[in-house]
Amino acid sequence: MESEIAQITQHTGGVIGNAWLMIAFPLLGAFILLVFNRLTDRWGHLLGVAMSLASFVVAVLAFFELIGLGEAERRRAVHLYEFIPNLDINMGLLIDPLSISFALLITGVGSLIHIYSIGYMAHDEHRRRFFAYLNLFVAAMLLLVLADNYVGLFIGWEGVGLASYLLIGFWQFKPSAAVAAKKAFVVNRVGDLGLLVGMFVIFTTYQTLSFAELKPIEVENGTTLAIGLLLLLGACGKSAQLPLQSWLLDAMEGPTPVSALIHAATMVTAGVYLVVRSGAYFFPEGSGAALAVAIVGAATLLAGAIIGCAKDDIKKGLAGSTMSQIGYMMLGAGLGPAGYAFAIGHLITHGFFKADLFLGAGSVMHGMNDEVNMRKYGGLRKYMPLTFWTFFIGYLAIIGFPLLSGYFTKDGIIETAIEHNQVLGWLAVLGAGITGFYMSRMVFMTFFGQKRWAEDAHPHESPTVMTVPLIVLSIGAIFLGGYLVLSNRLLLFLAPAVGRPEELPTFHFVSVPGITTLALVAVGAGYAWVRYAQAEVPVVQPRGSFVTTFARRDLYGDALNESLLMRPGQWLTRIAVFFDNRGVDGLVNGLAAGIGGSSGRLRRIQTGFARTYALSIFIGAALLTGALLLVGTI
Amino acid sequence: MNSIPAPTIEYGTLAPLLVVFAAAVIGVLVEAFAPRYLRKAIHVPLTLLSLLGAFALVLVQVLRGRVSTTASAMGAVAVDGPALFIWGVILVLSFVCVLLINDEGHFVASAAAVPGSADEEEAESMSGGVGHTEVYPLVLFAVGGMLLFPASHDLLTMFVALEVMSLPLYLLCGLARRRRLLSQEASMKYFLLGAFSSAFFLYGTAMVYGYAGTVSLPGINQALAVGASLDPLLMIGLALLGVGLLFKIGAAPFQAWKPDVYQGAPTPITALMASGTLVAAVGAVLRVFWVGLGNLDWNWRPVIWVVAALTMVVGSVLAITQTEIKRMLAYSSIAHAGFLLVGVMATFATPEQNAVSLKAVLFYLAVYGFTTVGAFAIVTLVRDPGGEAGHLSRWAGLGKRAPVLAGVFAFFLLAFAGIPLTSGFFGKYAVFAAALNSGTQPGDSMGGWMAGLVVVGVVASAVAAFFYVRVIVLMFFSEPAADGPAIAVPTAGTVAVIALALLVTVGVGLYPESVLGVADDAASSLFIR
Amino acid sequence: MSPWLPILMAVPVVGAIVVALLPKGSDKLAKQVTLLVSLLVLVLTGVVAAGFKPNGDRFQFVAEYNWIPSFGVKFGVGVDGVALVLIALSAVLVPIVVLASWHDADGVKSADGTVIAPKRSVKTYFSLLLVLETMMIGVFAATDIFLFYVFFEAMLIPMYFMIGSYGGAQRSYAAVKFLLYSLFGGLLMLVAVIGLYFVAGKNTFMFPQLIGVIQDPAMQKWLFAGFFIAFAIKAPLWPVHTWLPDAAAQAPAGAAVLLVGVLDKVGTFGMLRFCLELFPEAAKAFTMPIVVLAVISIIYGAIVAIGQNDMKRLIAYTSISHFGFIVLGVFAMSDVAQSGAALYMVNHGFATGALFLAAGFLIARRGSPYIEDYGGVQKVAPMLAGFFLVAGLAGLSLPGLSSFVSEFMVMIGTYSTEAHGSGALTAAAVVSAVAVILAAVYILWMVQRVLNGPTAEPVKAFKDLNAREIWVLAPLVALIIGFGFFPKPLLDVINPSVQETLTNVKVPVSTIAEKGTGQ
Amino acid sequence: MTTHYLVLSGLLFAIGAMGVLIRRNAIVVFMCVELMLNACNLAFVTFSRQVGNLEGQIIAFFVMVVAAAEVVVGLAIIVTIFRTRRSASVDDANLLKY
């Protein structure tokens, strides 16, 4: 297979040479906002937006500088400084088509969400802190995707985890938010363990953690399979894939822009980035590791979709959908270079339409006193038309309505999957159908049907600062997919970084899977129309069948975690604490008490009678004599 | 007719001894002839000056390099390097103790009077609050005995010295002004047990004499070198001699008298016993085992191993649950006797080897003596209406009432515990090092057992640290009792005592070479054999 | 002969005497003098560090004076890279602790008026602190093993008084336990020190002259055991760790910082320098059991930490876990792991220091160390909460904060070491990596219960950090973040001395360090 | 020939020691100690004859003097304690213990 990826070459000067500015701007923003604290309350949000935009500008300039280079030279490493000399790890950036795509997405969508947040968080007294965390997130996410080695990636990886933790728990005074934040971090750490150990194995095997020094492999062996599975575990954590999916739904406790930026558009896709970035080294096409990635993706896309069907909380519904869509990306990432392009394509378009949907949901909540229960919405399209239309575009994009973004990228994944593996491919088709149902359900419950509002609800359209980002995002949701997929623009652009498939795929507007998908989506949407637009939606959640309960309870993921990990863990902790106090420390204290006790008993020998003392002298004399005689005979 | 030649006496060499004894005799005469109100005024300078003078004479011998290399007084007394070192230490310690004794109020006015009787009141009023002035000559006699004991070159002299040292102490123990019942009881116990043990010593001497035909220590050693047969007579003699000596240093299982006597005796006398007597007794042990029994080390070292280990353990463990400060210090003294025996264990074989161990023990004795006197001096200052506040619970919170005093006491305790940067640490280090050193010598019969003994010692030290630390906890980390003990305003003498003890404990702790060098010089000339 | 180290050691002790001799009622002056002296020491340390040549002789700023010729003991001082960074750690922490303890002896009252600590002698506290600083510098600077031992043991005393006189309700139990435990280990070490002297037969305790002298493997094992037990207690390693939670929980926060941040490092420092270099064969022979103990410490410490209800105890248990990493790194016998362990010693000092101090500020406000008495601090004291969080994150080795680099190096060095050729160390690295998850649980669960949630009633009266408290925490956080991204200055100093150690242990130094970047 | 004397001396010593251990009256106890000293004297004299020098005999004289001194001190102590306690039993003096 000649899917060679391009050599990484050192780069100095130019915008790319100063690409660290991309990270530096938002980092500086976060620093200023956190250190100067309340002094910046009045203009902090503006600084945050400015820094994010500055970063975006640098990304765009770097992008143009990059495409100005020859195709084989589009992987530029920028050395920053020596980090850990012992491991020969340098802090450095890798600007290549893959990372710059992410950088553009992160800074672009990120900036929009920054702008949106000005309005959304206007009434929060800690808005400045919110922007500080957002800036911190952007910086960390950029470090994640721009780092030229796994350690740098890992720092960014944990940095976004931190930002996610802080933002999920932004309203930390709500116990549920605090718990959700912690849960997200801890579950992510399970994944991090995989990434960490994966790095150990990589380093031990290749004596390097730098992308530039790793060599692409053709055939996998036991070691690369192990590395692949470990990295996949890491990816599962960050991207909320089975079995580490449970945190994402709880993460919706965070403010909605956070859900849009971190838990939809960017951070959760880091797992996909990791797999694609490592693809050439550890996930060669057709390998066991790649298959594992695809299986995880397929399983998650179904699981997420099923969960999405049963949620009444609009954000949780979207969260299930996010899981599901990332499942598609993972599926694509398990399919080699052709899949990579569609996966990244879907990732980018998803970044737009899912951010659009989330921000739309936020806009709805904004107008509905932060109500998230869709059963208390209904008929909102007339009251917030801009929100409705942008949301509707996002909806069409996600269900794969022909010619919108999702149509191109998702179909690309499905078709590539069917080429590689029939079973997984058709599961993806099924997933698309379910997507059609639950997304339609969401739209119908929210914007159509009767009003089921709470009494004090006065729905209104959101301010311009919130709607403009929605509009920009929905434009992306319409056109981006076609632009990227048709004539394989993205695939060819990415090729130097991730490799090029043996034969370029051509997009079929009419194909068996495509038609089937559309049909299933139509069926799903139709069923939703009947259930949620035509029929009356009960305000109180009906009991539902066994399947509904199964989906509502997140497929019993939390119950499983609780009974398999949490409860035994609590017991283990209790036993360990008991053992430490009574066992280890008890031994020490017991020894001390033993000496004390024997002292207390022995001192009774000192009876106070002179004759006893004389006896002890006498016996001592006898013993001494006996001992000396005995020693003499030896 | 002149078949008995006149003995030659090296007066110059023996001068320190003679000065002390002479002063003691003069003291008796003062008691007999001087009027009561003048007695103390005469005794104090006499006693102090005689001790000082004796010390000066010791110094003269050392500084002029006239340390004799042969036994003096017809082979009865050996004033060799180690003996002079021990003399110096004893003289300084007893000088310091006399300063303590000099402090008012420790001694009864009339020992013969029944406590609480009219006689006693009368005696009190007549003496004007001054106790028995006989104390001074008694102390001088005891000191004289202490000087002679480790310098004795034959067992007879040693026996006489033992008695000269002990008899005054028996009396002194009974002279406490407060808590007279306890004092008298201590005196009686000490006397009966002391006499009992010295009978053992004497019988042992007889047995050894029967085996060797002489009581001269080198003579005995020669007899052992020639014969070296393991006559039961010799073994019994050896064991009984050991009883007498080990009793004096308070080694287990002959330690029973120590806590009772230390507790009951007047504190200055306890200080004298805990410092001077111990130094003298260990000196005598060293001399007997090296000079007299050096050729028998295969036999006595295993036994002393057990005794040393037992002593360290018993002293440390029993001290833990003590509630009386002086009693606790008595047990501490037992434990320290054990540590010293570890050093004694290491003295054998080659002269070089012996010098190392001897140096260690001498050094230990010197620094331990000063710390002990300092600690007892502080004990005398913490008082209840009925006398010294002996019970430990009364010491609670002393760190708040008298931070300096408590701090100094804590420092002494840390020195006892052997914490680095105190003199006690280096003392312990010296004996442990000597023991391990001997263990690593090729000819040592004990070999690895020495390391084992050191480990026992180390564990005992750790246990012992507990009760020293417990007192610190009481003084500093507990709240003071509402009616806590008063801190007596110390007299200049007591202040001087404490200051000197502190100076030695700190000074040696920071720069041990100051004393080590002297001990090294003293030890390098070895005991005259 | 360089006078710098003796000067460095003399300055604090002179300061201590000055402070102790100040007249009554000059508490404020005592604090100011202490602060000035400790800052002076910091400046002097900076001068020394600036003059240190990473690739020069192993021991620099060497000074040797005869101390106790009779015992062959010299006052020998000198620093190698590891010692230098640890001295620097002490010099940085002391002024911070001085500031943090500014009111510790003044008598502390909580917001609701309950007396947490009564008024105690201020002068004593601060002169103890300065005495301790001298000893901390001395113990790392000593090149004479006897001198090392003297400081090793003597250090206990000021700390004992700081815990016992200025600590919490159970202070005397904790102080005595601390002292006796350490003393016991120290005395065993004393036996080994003496044994080393005689078995080596060189009439010296100077460390450089004793390297490689003991050849007999059996003797190596005995002496190694003597040293190691003392260091394991000090470090503290499972199962001789139980004194630490008590001591750290009862000590005033400042003292706890020095206890866990510096004093305990002497244990791991001693393992790295003395156990390995003096007894290489024994160290190799005992590697496996020690690695097992280290891994148990890592996991066990973390699990028990999760179950703690007292913040300071919790932090102490996290330290036990972290010390497991350091010991693992030391005995992994690879340059990466050992450099990581040495770096960890420094980083842990900053991270745990910050966490203890932040917890101390919380406790000073609430008067209770118990987690359940808090809640919602974030809302009323966001700065305090922020610092607490950052310190906690450093405790869970978040990448980008300094502890991560060292933990990563330890684990990757252990995983990749070829010194043993067996899979055991690989397994050890993987098992210890599980602590990454546990660390997140113990820190974040504490954060959740203390900082988050609805604000508890007594917490509502909390004031946010004042300027002094910010000055305490800000430098630490700056160091944590700074060394998280730029560990190189420390590693450059540490690496040569670690490589020296490995050379003396006769373990081949891997070539990674020399490999160029452009390959 | 001298063995008999030695045996006698040993017996006397043992009787004396037993007396110390079993008798309560301080005076008697003290007398038993004196008996032990005299047993020593007998041994010294016997050995003096056996080894053929005079040292043992000279020692015996010294011991007698010392014993006399001991009596003085001992009786003084015992009398004092008797005056205080109205009892010469060694078992009654039992305040200092443990």
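Glycine residues also receive a Cβ, built from the backbone N, Cα and C atoms like all the rest.
TrEMBL lists C:6-22 (among others) with the feature transmembrane segment. Long-range neighbours of the transmembrane segment (C:6-22) within the same chain, counting only residues 6 or more positions beyond its ends whose Cβ lies under 8 Å from a Cβ of the stretch, are 29-30, 33-34, 36-38, 40-41, 44-45, 48, 63, 75, 77, 87, 94, 123-124, 126-131, 133-134, 137-138, 141.
What TrEMBL lists as transmembrane segment is C:34-52 (among others).
Below 8 angstroms of C-beta separation, residues 8, 12, 31, 34-35, 38-39, 41-42, 44-45, 48-49, 52, 54, 125-126, 129-130, 133, 136-137, 140-141, 252-255, 257-258, 261-262, 265, 269, 272-273, 342-343, 345-346, 349-350, 353, 357, 360-361, 468-469, 471-472, 475-476, 479, 490, 493-498 of the same chain, each at least six residues beyond the ends of the transmembrane segment (C:81-102), sit close to that stretch. Look at TrEMBL and you will find C:81-102 (among others) tagged as transmembrane segment.
The transmembrane segment annotation in TrEMBL covers C:122-140 (among others).
TrEMBL lists C:142-418 with the feature domain 'NADH:quinone oxidoreductase/Mrp antiporter transmembrane'.
Among the features that TrEMBL reports, transmembrane segment is placed at C:146-166 (among others).
Per TrEMBL, transmembrane segment is recorded for C:178-200 (among others). Sequence-distant neighbours of the transmembrane segment (C:178-200) (same chain, 6+ residues past either end, Cβ-Cβ under 8 Å): 72, 145-146, 149, 152-153, 156, 159-160, 163, 210, 213-214, 216, 219, 222-227, 229-234, 240, 243, 246-247, 278.
If one looks beyond the transmembrane segment (C:222-241) by at least 6 residues along the same chain, the residues whose Cβ comes under 8 Å of a Cβ in the stretch are 152, 181-182, 184-186, 188-189, 191-193, 195-196, 199, 214, 263-264, 266-268, 270-271, 274-275, 278-279, 282-283, 286, 290, 293-294, 296-297, 300-301, 320, 323-324, 326-327. Residues or ranges marked as transmembrane segment by TrEMBL: C:222-241 (among others).
For the transmembrane segment (C:253-274), the residues of the chain that approach it from at least six positions outside its boundaries are 82-83, 86, 89-90, 93-94, 96-98, 100-101, 104, 129, 132, 136, 139-140, 145, 148, 152, 155, 159, 162-163, 166-167, 207, 227-228, 230-237, 244, 247, 312, 315-316, 319, 323, 326-327, 330-331, 338, 341-342, 345, 348-350, 352-353, 356-357, 359-361, 363-364, 498, 501, judged by C-beta separation under 8 angstroms. Among the features that TrEMBL reports, transmembrane segment is placed at C:253-274 (among others).
Per TrEMBL, transmembrane segment is recorded for C:286-307 (among others). Outside the transmembrane segment (C:286-307), and at least 6 residues removed from its termini, the chain residues within Cβ reach (under 8 Å) are 221, 224, 228, 232, 237-239, 241, 314, 317-325, 327-328, 331-333, 420, 424-425, 428, 431-432, 434-435, 438-439, 441-442, 445.
Beyond the ends of the transmembrane segment (C:345-364), by six or more residues, the same chain brings 82, 85-86, 88-89, 92-93, 96-97, 100, 103, 108, 110, 116, 248, 252-254, 256-257, 260-262, 265, 268-269, 311-312, 315, 318-319, 322-323, 326, 374, 377, 384, 387-388, 390-392, 394-395, 401-403, 405-406, 450, 465, 469, 472-473, 476-477, 479-480, 483, 490 to within a C-beta distance below 8 angstroms of the stretch. As annotated by TrEMBL, transmembrane segment applies to C:345-364 (among others).
Look at TrEMBL and you will find C:384-405 (among others) tagged as transmembrane segment.
The transmembrane segment annotation in TrEMBL covers C:425-447 (among others). When Cβ-Cβ distances below 8 Å are used as the criterion, the transmembrane segment (C:425-447) is approached by residues 291-292, 294-295, 298-299, 302-303, 305-306, 308, 311, 314, 317-318, 321, 324-325, 328, 332, 371, 388-389, 392-393, 395-397, 411-412, 414-415, 417, 419 of the same chain, each at least six residues removed from its ends.
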Which sequence positions outside the transmembrane segment (C:146-166), separated from its termini by at least 6 residues, show Cβ-Cβ distances below 8 Å to it?
67-68, 71, 73-77, 104-105, 117, 120-121, 124-125, 128-129, 131-132, 135-136, 138-139, 172, 174-176, 178-179, 182-183, 186, 189-190, 193, 197, 205, 207, 230, 234, 247, 250-252, 255, 258-259, 263, 266, 270, 274
